[in-house]
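Colleague: Pasting in a structure now, in structure tokens, and then I'll have a few things to ask.
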Amino acid sequence: MEGVDYLRDERSKAQFDVETMKVAWAGSPEAFLVCDRMAKLVANDPVFEKFSKPMLGRKELFKNTLRKTAHAWKLVNDLHLTEEEAKWLRHYIDEPSYTDLQWEMFVPALEGQGTEEQKKKWVPLAKTMQIIGTYAQTELGHGSNVQGLETTATFDRQSDEFVIHSPTLTSSKWWPGGLAKVTTHAIVYARLIIDGHFYGVHGFIVQLRSLEDHSPLPGITLGDIGMKFGHGTYNTMDNGVARFDRVRIPRDQMLMRVSQVTKEGKYMKSNVPRQLGYATMVSVRQTIVSDASKALSRAVCIATRYSAIRRQFGSRDGGPETQVLDYKTQQSRLFPLVASAFAFRFASDWLKLLYTDVKQRLEVNDFSTLPEVHACTAGFKSLTTAATAEGIEECRKLCGGHGYLISSGLPELFAFYVPACTYEGENVVMLLQVARFLVKTVSDLGNKQPVGTAAYLGRASLLVQKNCVVQTAEDWLNPIAILEAFEARAARMAVGCCQRLAEFKSPEEGFAELSSDLAEASLAHCQVIVVSTFIRRLQQDIPGRGVKQALEVLCNVYALFLLHKHQGDFLATGYLTPKQASLANDQLRTLYSKVRPNAIALVDSFNHTDHYLSSVLGRYDGNVYPKLYEAALKDPLNDSDIADGIHQYVQPILKQKLHSSKL
Ligand SMILES: CCCCCCCCCCCCCCCC(=O)SCCNC(=O)CCNC(=O)[C@H](O)C(C)(C)COP(=O)(O)OP(=O)(O)OC[C@H]1O[C@@H](n2cnc3c(N)ncnc32)[C@H](O)[C@@H]1OP(=O)(O)O
Ligand SMILES: Cc1cc2nc3c(=O)[nH]c(=O)nc-3n(C[C@H](O)[C@H](O)[C@H](O)COP(=O)(O)OP(=O)(O)OC[C@H]3O[C@@H](n4cnc5c(N)ncnc54)[C@H](O)[C@@H]3O)c2cc1C
């Protein structure tokens, strides 16, 4: 049998209806149709070819992306694509580009932090790409500490302008995508100064380049910050540096929804919290969670298909060897990642609803849910990106040596994905934000009943006393038992941290000293939400033969895998006994056997095109070995039998005449 037959055989074993699972993965029939159409549009358009990318130099890579982005914008207009369709189009083109910043950060910053008047002026210009913008917050000296930014915006009453200035080397803006060569505008975050007084960091709309000839405007120095990790991935993007030498902008280019500066130089606060200035980050973090499920699903699709084709050992009497997918070790590394992709998918759908709700509330100045939404987006961003980055690397290893080839699609995917752990809020820094929320919630328990995602902490006094009642491996299939275990562990960790915080001289000192424990408590809290979201999703109506059952198995795999991975926490907090932890592991092994016949069908449900996967190992048809050989032959080194440099540098060594003493 060949790889093609192996996958055909695997598909025939599926115990659920793949077409309906595709819809469950996409979220709705409408969402499925949009994704499917955009994926095929990209896959069938030769402009979006990706094979040659790894061979291109930096300048060619960058220009190639400019060409693709221009073509994509033409398609958006010619085909009258909606914003949602255009977003999927960008996603499937699969190349970081300045438009990510334009649509994910520049436009949301204008919409979220601008006044009605500012939105009316700037948003249509941005949405029609008459201006191209980026989000210039991070500096050479500060990224996480936004209040520590050094760029200044000094109000000049006489001219009714702000003067944007980079007073130090470390105040240079450093990292913004598209800044180096493309963007015409940026939201520049700077310390506001009026009459020598500092009024905190605010966003300012600054024009960077001439709209006529694209050259940097006077007083602005722009450049690229250099090559990044991986070759053909993030180097398609011109992350940039910017320095401002007393650049003047009109007063009405300060984003003034949160606070205003009058013509007279009076600083006025609206009745909105200053945290609204951070709202763009909430919006993007939510998108990043959704991207995590896409990236992880892509990696597990490749690793699962290849694991069904790859055979090693186990042959007796010349019969076929064992598919590596049948090894329990392979299953225990791979199936939790398949389950995580689904878990993150449903978590991101839920987070989107939460975010849509807070967005509507913010529009009518209801800020009550912002702290919870901030904690959720920050925490989920950290949890999902860390697990996805680790998961992609695990998938590479699951593919053995071939996983290290660029043609496997995995090294480039990893290089592209891993900065998600850092950008838009470094992951540990984000967990510490969740910790602030948890500490506040727990400290306030006597006065205020927590709601939403923290509601379980309202039962903390019960959860710290109760013990797990599981007696058999079967008991671990009960969602109530699973959820209570996660809640009890998280509540005990949060309460434990709060009790120890009280032993310090000041809360700040305690928070700093216990920050590692607090970060772990935050992760445990986020896992409660992801697990409970998965369980709640299964309580909804899910049509299709066997679809719900297959998802139930995955939900249990996800939860029990986490329980196994973090069993130290579950045992140390005293909720579980070692016997109960061991029963959970027994159940996990049984669940892997239930996933096994569905493995290929599950990854088919992601509906990834071969173009999007860009992986010889993950091909839908399973024709791996001939195509791997074919891909290798296309390497430039195979253009000739004798490579450049052989005559010059190798042959002289071979032909040297050595004295016998040197032999
Ligand atoms: C192939 C194509 C794929 C396409 C795929 C597209 C995907 C889309 C990717 C686009 C491409 C990305 C490219 C990366 C773009 C950057 O990376 S842009 C730069 C992002 N930078 C960051 O995220 C910086 C991280 N740092 C921060 O967020 C904040 O400074 C920190 C860490 C929260 C600290 O803030 P702080 O004000 O100094 O301190 P803190 O006292 O902790 O907070 C003050 C209060 O604000 C609250 N707060 C803090 N943050 C927030 C917030 N965000 N909301 C609400 N409240 C907040 C706190 O809870 C606290 O409240 P209270 O406890 O006082 O009630
Ligand atoms: C590919 C990429 C694209 C980017 N695009 C943009 C963009 O478009 N616009 C933009 O403005 N920025 C952008 N950034 C910058 C990015 O947002 C920052 O790098 C990020 O916020 C992290 O900040 P930092 O680099 O200052 O890390 P640091 O904060 O210096 O992190 C270094 C280490 O210090 C630790 N640390 C920091 N503070 C604390 C603390 N309080 N407690 C405990 N530990 C701490 C961190 O956990 C980390 O281990 C981009 C970055 C990358 C990699």
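Backbone N, Cα and C define each Cβ position, glycine as well.
So TrEMBL lists these for the protein:
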type	residues	note
ACT_SITE	E424	active site, proton acceptor
BINDING	T138, G177	FAD binding site
DOMAIN	17-132	domain 'Acyl-coenzyme A oxidase N-terminal'
DOMAIN	278-439	domain 'Acyl-CoA oxidase C-alpha1'
DOMAIN	480-655	domain 'Acyl-CoA oxidase C-terminal'
Colleague: Could you please provide the mean pLDDT value for the domain 'Acyl-CoA oxidase C-alpha1' (278-439)?
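Modeller: Summing pLDDT over the domain 'Acyl-CoA oxidase C-alpha1' (278-439) and dividing by its length gives 94.
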Colleague: What Cα-Cα separation, expressed in whole Å, is found between E424 (active site, proton acceptor) and T138 (FAD binding site)?
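Modeller: Between the alpha carbons of E424 (active site, proton acceptor) and T138 (FAD binding site) there are 10 Å.
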Colleague: If you draw a 10 Å sphere around the Cβ of G177 (FAD binding site), how many other Cβ atoms fall inside it, taking every protein chain shown into account?
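Modeller: By my count, 25.
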Colleague: Which chain-mates of T138 (FAD binding site) that are at least 6 residues away have a CB under 8 A from its CB, listed by sequence?
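Modeller: In sequence order, the residues whose Cβ lies under 8 Å from that of T138 (FAD binding site) (at least 6 apart) are K173, W174, W175, P176.
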Colleague: Would you mind splitting the domain 'Acyl-coenzyme A oxidase N-terminal' (17-132) into helix, strand and coil residue counts from DSSP?
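Modeller: Breakdown, helix to coil: 90 helix, 0 strand, 26 coil.
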